[in-house]
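Look at Swiss-Prot and you will find Asp67, His138 tagged as active site, proton acceptor, backed by sequence analysis. Feature annotation from Swiss-Prot assigns active site, for ring-opening step to Asn136, Glu143.
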Amino acid sequence: MRVLVCKDYDGMSKKAAEMIAAQIVLKPNSILGLATGSTPVGMYRDLVKKYNDNIVDFSDVMSFNLDEYYKLPISNDQSYDYFMKENLFNHVNIKPENTHLPNGMADDIEKECMNYEASIDAAGGIDVQVLGIGRNAHIGFNEPDTKFAKRTHVVELTESTIEANARFFKSREDVPKKAVSMGIGSILKSKKILLLASGEEKADAVYNTVYGDITPEVPGSILQLHKDTIVIVDEAAASKLNPKDYKLV
């Protein structure tokens with residue numbers, strides 16, 4: 001696990017976008033694992049700029065998103081399908097048929113989970129997986145005590161996650177109580193992982209992910225065992241780390 005510390009959120013976003021762009025230049029048909037939420041918005045903004053500046057071409061890229069809310073129509077402006085179109089897909093030349101999210105509206109949700117996992121494997125696996133991290137160190141929607149071997153599955157969201165996501169909805173009651181998420185086992189199959197975090201409220205989660213015991217109580221801690229994980233954080237999120245353990249960029 002390598003840790004890169006940037007001055008602020010914009011610096012973190014630019015560094016992550018640089019790494020994604022470099023991956024696409026190196027392998028134009030890269031398979032990207034993408035995340036939603038407020039953390040990667042700046043990264044997507046910078047990737048769109050790189051596309052507009054003819055630095056990166058998404059025409060052969062394929063993507064698989066980490067998660068989607070359960071039984072929230074994709075037409076809803078809080079669905080992750082909607083988020084991805086608004087923040088990235090509608091602004092670059094990625095082919096719609098090459099973008100994939102779990103279908104939270106599927107009638108047979110267990111079959112959908114198995115099919116989604118199989119689709120990732122059939123594509124050749126994820127080259128670079130982007131992750132955010134929750135205050136409780138959840139990755140994807142894998143909450144504390146999720147088994148590390150878990151593959152794509154239906155998740156009951158914790159009260160803290162519902163509370164954190166309530167700011168995106170009209171009211172707390174509107175936040176879905178379940179989601180479909182890649183499992184930790186799915187995430188660990190990725191060839192490279194970029195974990196992004198910003199803000200002082202993420203400092204404990206980052207500390208426990210980097211230094212803590214590897215335990216399901218801290219889902220991010222399993223990334224210590226991944227062969228190529230890069231943690232990209234701003235100074236506030238890195239505030240509890242020992243400076244000798246990271247590189248300022």
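Any Cβ shown, glycine's included, is placed from N, Cα and C.
Mapped onto this structure are the features recorded in Swiss-Prot.
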residue: Asp67; record: active site, proton acceptor; DSSP (3 states): strand
residue: Asn136; record: active site, for ring-opening step; DSSP (3 states): coil
residue: Glu143; record: active site, for ring-opening step; DSSP (3 states): coil
Cβ neighbours within the same chain of His138 (active site, proton acceptor) - under 8 Å, at least six residues apart:
Pro144, Thr146, Thr158, Thr161, Pro219, Gly220
Given Glu143 (active site, for ring-opening step) and Asn136 (active site, for ring-opening step), what distance in Å do their CA atoms have, once rounded to a whole number?
8
So for Asp67 (active site, proton acceptor), how many other CB atoms are inside 10 Å of its CB?
21
Using Cβ atoms only, which residues of the same chain lie under 8 Å from Asn136 (active site, for ring-opening step) while being at least 6 residues apart in sequence?
Glu143, Pro144, Thr158, Ser160, Thr161, Ala205
